[in-house]
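Here's the structure we're looking at; comments come further down.
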Amino acid sequence: MRTNINRHVFSLLFLSGMCSPLHVLIFKLHFQRFLVFLQQNVSLYIHLWFYLWFLQTTGLFGVSALVARDFFYVDMAKTWLEAQSYCRKKHTDLATVDNMSEMQTLINQVDPFYFGDVWIGLTKGAETRWGWSMGDNTIQQYSMLKTMSNTLFINESCGAISQDGYWYSLSCFSLQEFICYDEYNSMIYSISVKLIWREAQAYCRLKYTDLVDIQSAAEQQNVLRLVFTDYVWIGLFSDYWKWSDGATSFFRYWGTGKPLSLFNISNCVVMQMNDYGTWDNSLCDRRLPFVCYEGQLCVLLLLLLLFVKLNVNFMCTWI
């Protein structure tokens, strides 16, 4: 029983992208009391396994929500797959980004005298998914989405809210008014200028925080008070890009006119250091420097809270 539980606990932490192989080793050194407790309480082990799996697969907390990242710029010329392999061996994975603050941290890790392209962990996936511009993947918790017939075969659609309260998928290139959100005062702002979705996103990120997202019926009603035309852009969009580590983050930082079309064979994503770190899609066999990340194992907080609830004496040293 001891070997089996040890193997599965650490494989859960490693395969879910929460920690690097080195962190798994440190886990083994620091968590012996935890493992002994699990061995004596198999039902707790089963519940813990299920809980972490549930948080990740439902999007309530993806891998990225549990991990605070340290970024590492690697000045070695590798293809995207080679860079991915290197990062998984030496760190955790190629860089994943959740928000604009983290994006700025990532940009700052790159050699300031380098103005070429840099690999990150985004690559083309097999299917489209819906998410929010601010990075959230929580549309399944609250949604008023209706797919319009003329966008069924468009692989990248954008979301607009209408006066009837429903969200509609429109061509991202249609001109609409939009609503921005400012995280500093938790206010939303109606912008009467008509822009395509990407331009509206850029405007909101420059002037406020981002296009508004809607996570509850109360937020829906608040947004509806600012809807005065047939369709108004919100932060909802769909695309087919996915993160190397399996994270569910929908944060994107594309450059103007990027990415190129769906039928382009440029399936991997770079930061353009000659364009403020904005993203472009590129051929995966180019040899470029890259950025890896390591998680700081915020999942330990979840375990610690679990132990407190169970009144288990436990000492934990943060890595």
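Note: Cβ is positioned from N, Cα and C throughout, glycine not excepted.
Positions annotated as transmembrane segment by TrEMBL: 48-68, 290-308. Residues or ranges marked as domain 'C-type lectin' by TrEMBL: 71-181, 184-293.
Confidence for the domain 'C-type lectin' (184-293), expressed as mean pLDDT, is 93. Mapped onto DSSP classes, the domain 'C-type lectin' (71-181) shows 24 helix, 45 strand, 42 coil.
In the domain 'C-type lectin' (184-293), helix, strand and coil residues by DSSP number 19 helix, 40 strand, 51 coil.
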